[in-house]
Amino acid sequence: MYIMRSSFNFLNLLVSDKMIKKIEILNNSYVEEFIEKTAELCNPSSIYLVTSEEDKEYIRRKAIETKEELPLKTLGHTIHFDHPLDQARARDDTFILTDDKIPFVNTKKREDGIREVLSLLKDSMKGREMYVGFYSLGPKNSIFQHLAIQISDSPYVIHSENILYRLDFDDFKGNKQFLKFVHSKGELDIKKRRIMIDLKEDTVYSVNTTYAGNSVGLKKLALRLTIAKAVKEGWLSEHMAIIGFEGDKGTHYFTASFPSGSGKTSTSMMGKLISDDLAFIREINGVARAVNPEIGVFGIIQGINSKDDPIIWEVLHKPNEVIFSNVLMTEDGYVYWEGSDDKRPERGINYEGFWSNDMNKPASHPNARFTVPLTAFKNLDENYDNPDGVEIEGIIFGVRDYDTLIPVVEAFSCSHGIVTIGASMESARTSAVIGKGDEYEFNPMAILDFMPIHLGEYLGNYLEFCKKLKKVPRIFGFNYFLKEGNRFLNSKEDKRVWIKWAVKRVEGSVDVIYTPIGLVPYYEDLKTLFREMLNKEYTIEDYEKQFTLKLDKYLEKNERILKLYKEILAPKEVIAELEQQKERILKYIDKYGKRISPLDLR
């Protein structure tokens, strides 16, 4: 058996005999080396390996003992507070380590970045315990699986990992490679907050932060690593939900990509839940099949109420393992968040300290979160952990657009959908990133924040993936947020109709109207669906307000996106699709004018 004697001599000082035996059982020199190097760098007082249900319970206790989490009245519920300036993903402090300049990617020279973050991590765990968690991204015993190790001095971070990911110690036996994540909360000096992503070594370093988007490695930090892997290997690692929607001919699985805070989680609750956030997609025998790399949900809590979100509401109120973060803890040991239909409390504690109702400040942060296991959801699909994944028949790209995009459109083809819908996404920014709310930003596939490589290379892989498929999913563009003045033109429940129409398109049971930007529903089909699903009268005036094409606005958008992709030297196929779309729009403007109702195209 291969044993790193130098490693074991060092680790024996920090690790119990029981833990040493666990490492010996693995017989994995990469694991030994990773733990040793991190321990030597961060200088913890002890090391604890998280490999079993017993260890998960230990982490729960440590989270309470260290006061990183506080217990609440409801059994299994705890609350965590992040630093007031550490409430969202830190774009400006997150770097892809490469010597190349990449459009839209925050890069730093690899050598400089490694040197900087290692200096910040030096002795960062002094006086603390170092936790080592062994996980599987994706179902075990699956072609989709990627192994990962998270090292952290934060019980909250490891507790979150234990809820969100499959603990999988045994699969590290033998010299298997894995993704590596090193996190230390350090001194929580926000000026020295750094997240460094080293694609060359499949390693992410994170320091002086606890917000989960910056610290829980297997979440959005791992997404950068797996996107790069997917492009090299010809599959897709996506910021997408996976949902099974019921149709007349059975369950049809869709992926759904929305920017944060734009409807992805609520859409996931409309069907059978497999994933609310991430998807690994592979071509298997000519079919696109997908799995959820996770087994939990880290969701935005603001606005969740019993009427609009009954499933999530139930999950958050029943005895169950839940970590609330950056909401209000009430005096009687419960929680409150903005948009909840619980009674607003008079006072409590939040991430800024004492709060009272007369302070005229929100009780919770707009990016406050909940972390729960998938098994808590009553709409969980039976295939959520299927190692073979599920067949994807539809792909949804959704945005938060107040002015231009119609509620639902279907692409002419896979490449048309990828380029003119997915790769052309512009959406109002939300509080999940540090910056101004409601600013429009270019966000293709809702993944630009996590892009580790050239966007053109990523899109090229998407287009090639499409070509490999014998059975191609239909692609749809969704927009739940169209307004007339300051008034939304749709209710939250209306999304059920757009989803049902997409399902009927997959089943081939409704026809469409051809327009220059894609295929749109007939009024009569939507009227029927509104009546059947929502018991609601859908008028022809509603239809015209929602589906009249603002061709001048679509043209402006097309020009912006085309210019952008030309500047970054995107693949020729991307440019061609956008130029063809431009030609179609111009022809229709010449014939019908700048605004056109689908009723005039029948």
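Using N, Cα and C of the backbone, Cβ positions are placed for all residues, glycine too.
Of the residues Ser136, Ser260, Ser262, Swiss-Prot puts just one in the substrate site with Arg89, Tyr211, Ala212, Gly213, Asn367, Ala368, Arg369: Ser260. Of the residues proposed, His239, His252, the one Swiss-Prot records at the same Mn(2+) site as Lys220, Asp277 is His239. Across the structure, Asn367 (substrate binding site) and Gly263 (GTP binding site) are spaced 14 Å apart at their Cα atoms. Residue pair Lys220 (Mn(2+) binding site) / Ser266 (GTP binding site) shows a Cα separation of 20 Å. Other C-beta atoms found within 10 angstroms of the C-beta of Ser260 (substrate binding site) number 25, with every protein chain shown included. There are 23 other CB atoms within 10 A of the CB of Thr265 (GTP binding site), with all protein chains counted. Ala212 (substrate binding site) falls within a helical segment according to DSSP. Reduced to three states, the DSSP call for Lys264 (GTP binding site) is helix.
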